[in-house]
Amino acid sequence: MAFVSVLSKTTTFVPTTRAVNTRREGLPVSRRAQGSTIRNPTSMTLTSGPKTSTSVKKLKAPSELLSKTSIFIFDCDGVVWRGDSVIDRVPEVLEYMRSLGKQVFFVTNNSTKSRAGYLNKFTKLGLDAQAEEIFSSSFAAAAYLEQTNFKATGKKVYVIGEVGIPEELDLIGVPYIGGPADAEKQPNMAAGGRLEHDHDVGAVIVGFDRYINYYKIQYAQLCINENPGCKFIATNLDAVTHLTDAQEWAGNGSMVGAIKGCTGKEPILVGKPSPLMIDYIVSKYGISRDEICMVGDRLDTDVLFGKDNGLSSVLTLSGVTTEEKLLSPENKIKPDYYVDSIADFLPRPELN
């Protein structure tokens with residue numbers, strides 16, 4: 001399968017009139033349409049706080065939500081799967097949604113895989129998905145670089161992360177170093193030791209990295225602190241993630257935190273709740289925001305992503321957020337509905 005860049009060679013994202021379900025051979029090639037732009041995350045400020053409601057209700061009648069929603073955006077970890085285990089009845093949910101004519105997208109903050117890699121995971125888990133329905137934060141990082149015309153600078157990227165980011169950078173022709181190649185490296189910390197770094201690095205992308213080490217942290221801080229204008233890009237700030245279905249694991253927030261701590265710099269965030277991915281979807285497919293529902297298991301990324309971007313939102317309790325935390329007086333981020341899992345979207349015989 002050949003995968004090509006989904007972005008135009010301009011500094012704006014471009015929509016296409018192609019229907020979502022009409023191609024399966026690879027990622028869609030963008031076509032420019034006059035007047036269609038996406039907001040630049042560097043020039044945007046998220047609202048000072050999400051729009052909140054005084055109460056949140058559990059979804060009792062699926063038709064209440066389905067009747068007013070045309071597009072569902074699902075987070076992956078904790079919603080569709082946990083680790084490498086599909087959450088109960090998810091295949092039925094996706095089949096049911098499509099049978100109703102709903103458009104389905106998958107947006108994940110996990111950057112360890114490219115869109116091609118995630119398509120392979122969906123296939124291995126027996127889940128029906130198209131490459132163009134999948135948006136990962138590794139894709140978002142590459143999308144941001146292409147939007148800002150980074151390639152024209154002649155600079156390269158230093159990657160903290162796994163194969164997903166390099167694979168997406170290959171698709172847009174941006175050179176990079178680091179990533180998996182630096183997994184075993186150690187700096188010389190003997191007397192007089194120093195780590196030399198590439199002064200042509202113009203951006204550091206920090207994604208989830210199970211092979212994070214001191215060499216990578218030191219290399220990143222040298223690039224950010226000593227290379228003029230070097231961008232610090234974070235794929236996401238998630239505190240925890242689901243590497244397995246047995247427990248929560250430290251997320252990319254820990255990697256980004258290490259780089260923030262040694263550079264004193266704040267990153268450019270490209271994953272949820274940044275508007276970059278939803279702006280791309282809205283622009284590309286000509287979708288009205290009031291027809292879209294964001295479904296996720298995190299309040300501070302998924303639900304906030306929905307509320308700050310004008311979408312309805314559903315929190316599922318199948319991931320990292322408990323009902324106790326959701327309903328706590330301290331929680332100010334309120335979804336429109338919540339469910340035990342997305343299996344609650346399926347019709348219930350007693351309601352028919």
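Yeah, the Cβs are placed from backbone N, Cα and C, and that goes for glycine too.
Annotated active site, nucleophile per TrEMBL: ASP75, in sequence order. For ASP77, the entry in TrEMBL reads active site, proton donor. Residues or ranges marked as Mg(2+) binding site in TrEMBL: ASP75, ASP77, ASP297. Residues annotated as substrate binding site in TrEMBL: LYS272.
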Not counting ASP75, ASP77, ASP297, residues with a CB within 8 A of the CB centroid of the Mg(2+) site are CYS76, GLY78, VAL79, VAL80, THR108, HIS242, GLY296, ARG298, ASP302, THR316, GLY319, VAL320
In chain order, residues whose C-beta lies under 8 angstroms from the C-beta of the residue listed as 'substrate binding site', counting only those at least six residues away in the same chain, are ASP75, VAL107, ASN109, SER137, ASN236, GLY296, THR301, ASP302, LEU304, PHE305
Same chain, |i - j| six or more, Cβ under 8 Å of ASP297 (Mg(2+) binding site); the result in sequence order is ASP75, ASP77, GLY78, VAL79, LEU315, THR316, LEU317, SER318, GLY319, VAL320, THR321
If you count the other CB atoms within 10 A of the CB of ASP77 (active site, proton donor), including all protein chains displayed, you should get 22
